[in-house]
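K.L.:
I have a structure here, written as structure tokens, and I will follow up with some questions on it.
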Amino acid sequence: MDCEGTEDEGAGCNGWFFVEAIVEKKTGDNVSDDEDENADDTGSDLINFIDSETSICSQAEQETARALFQAQELQANKEAVHQLKRKFLVSPRSSPLGDITNQNNTHSHSQANESQVKRRLLDSYPDSGYGNTQVETVEATLQVDGQHGGSQNSVCSSGGGSVMDVETTESCANVELNSICEVLKSSNAKATLMAKFKELYGISYNELVRVFKSDKTCCIDWVCALFGVSPMVAENLKTLIKPFCMYYHIQCLSCDWGTIVLMLIRFSCAKNRTTIAKCLSTLVNIPQSQMFIEPPKLRSTPVALYFYRTGISNISNTYGETPEWITRQTQLQHSFEDSTFELSQMVQWAFDHEVLDDSEIAFHYAQLADIDSNAAAFLKSNCQAKYVKDCGTMARHYKRAQRKSLSMSAWIRYRCDRAKDGGNWREIAKFLRYQGVNFMSFIQMFKQFLKGTPKHNCIVIYGPPNTGKSLFAMSLMKFMQGSIISYVNSGSHFWLQPLEDAKIALLDDATYGCWTYIDQYLRNFLDGNPCSIDRKHRSLIQLVCPPLLITSNINPQEDANLMYLHTRVTVLKFLNTFPFDNNGNAVYTLNDENWKNFFSTTWSRLDLEEEEDKENGDPMPPFKCVPGENTRLL
């Protein structure tokens, strides 16, 4: 700011000024407002011009007035600049588009200094060295309120020059429109990428994939679409991705956005979307927002044909063995096999794998759809629930008939064949010796128990708590695949129904009420004579009670009220607490391997039937419920 009448630029309103009055009139000079141009200059006004008495006071008053004027000008300039900053720059307190009332008040307040503000604004930008440009662009960031209280940043460009204040309203209106467009573009980014993918590849991305809502769901096959990949990186991607996968199918097409890559990848192990996105982001150097990652439609024939046809063309690069879901749907013989479903094959599978529960049959058989054509046809059927129910019913019928057809010796041999080797029968012998049971006496007792000898087909394991009674009995039931009955269901007429199909049974933790019930109603069970039991929704059945093992904290042979059971049960006493080592592991291991070795070692002492000659055939031939095929001889 040029202060007229001073030597220097001035040091502010608090500094000293050296005032020098120069009156020189020349032709063409502007006449100040306080002079009368037409008045005659007689020189009379110079009389007593200098008053030596009041010169000091007059000078002080003039300096005070000038300092006050400069302070007012400085304050007005600061307010004008502040209003311009609030107009064109970001305000942390409020939005420039939000409060129009404040702008009107500010405009009326600074109307007197409008011309000076415009001139100073234009002169405030630094010169580039080549003079002031005709049009200068000022970029200011505006903060536009969103719909939900958020904010969206955009860039406003306004022209400089003498017409800057005229174009201010129009420029800010354009800024608001551009900000809304930016918001719309950001919210429709996925739709824009989808449209670009369909325009370039001629097929919708959603037609190739099935959507996983969770990013943590794992799958081994994934379809990935990458946008804006560098052409050089896209060319080298087939080499970079090879260590991570067993198969890939890569297509690369270029557009104005760069290269868009479509990949079908089978990884070495199942991965989730988050892991794959991080891996690809590292390999191709693009953000995860420019990726679509979803699993393919494994049961869609058009999808399989698309990858098959593009895989054999020259527009794609493939590596590894083609996934079976593509091969199954593109080869002719597989399509014929998938058209029919045979219930007998499903029943045979359930019987061979000993899967007898309906829910387990449905779950495990559905997992075979990728490798078994009959399972794939099962999934395509609309009668899956009916097939599962029928399969479970038939498999249980076959298993029940197989179990009834086997003797005790054949059943023990059958269970031994399904147990692993490497057991040690001495673990069982050591545990019996630890409980004070003579091993040879136990062998004699166990032999009559397995044969179902009348009045010797029930063994009671008696002892205080924590002596290993239930552990010993449950390990034997697991190996023999026996049935468990519980006295808690004694209120029902059908609580003894599991004994119908059992080779051996267990009644765990019999209380005094249970012994009273046995003494009143089940004496003939312990005698080994045929008896009748009730079955739910079926007629009564007559059977002989299988060998029954009972654990209890009560010794029935010492109770006078249970005198009729004294000769019907054989008691084993477990009086010592079951031992554990310092790590909490059982000292004596009672598992299937040890029981298998126990029966193999004591087979002859238990008087079990010797294994028949293999030349005469297997005593339990493999079961086959699938119809055979006639072989045509040449």
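Glycine is no exception: its Cβ is also placed from the backbone N, Cα and C atoms.
As annotated by Swiss-Prot, phosphoserine applies to Ser91, Ser95, with the evidence given as sequence analysis. Annotation comment: Swiss-Prot describes 92-117 as region 'Disordered'. What Swiss-Prot records for 100-115 is compositional bias 'Polar residues'. Per Swiss-Prot, region 'DNA-binding region' is recorded for 172-338. The domain 'SF3 helicase' annotation in Swiss-Prot covers 437-587. Annotation comment: Swiss-Prot describes Gly463, Pro464, Pro465, Asn466, Thr467, Gly468, Lys469, Ser470 as ATP binding site, evidence class sequence analysis.
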K.L.:
For Lys469 (ATP binding site), which DSSP three-state class applies?
P.N.:
helix
K.L.:
Around the ATP site formed by Gly463, Pro464, Pro465, Asn466, Thr467, Gly468, Lys469, Ser470, which additional residues qualify by having Cβ within 8 Å of the site's Cβ center?
P.N.:
Thr551, Asn553, Phe574, Thr577, Phe578
K.L.:
Compute the average pLDDT of the predicted model within the domain 'SF3 helicase' (437-587).
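P.N.:
Summarising the domain 'SF3 helicase' (437-587) by its mean pLDDT gives 92.
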K.L.:
What count of other C-beta atoms do you get within 10 angstroms of the C-beta of Ser470 (ATP binding site), across all chains shown?
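P.N.:
By my count, 16.
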K.L.:
So if I measure Cβ to Cβ from Thr467 (ATP binding site) and keep only same-chain residues at least 6 apart in sequence, which ones fall under 8 Å?
P.N.:
Gln435, Phe574, Leu575, Asn576, Thr577, Phe578
K.L.:
Between Pro464, Pro465, Gly468, which of the binding-site residues has its C-beta surrounded by the fewest other C-beta atoms within 10 Å?
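P.N.:
Least crowded of the binding-site residues Pro464, Pro465, Gly468, by Cβ count within 10 Å, is Pro465.
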K.L.:
Three states by DSSP: which one describes Pro464 (ATP binding site)?
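P.N.:
DSSP call for Pro464 (ATP binding site): coil, neither helix nor strand.
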K.L.:
Within a 10 Å radius around the Cβ, which one of these binding-site residues has the most neighbouring Cβ atoms: Gly463, Asn466, Lys469?
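P.N.:
When each Cβ's neighbours within 10 Å are tallied, Lys469 leads.
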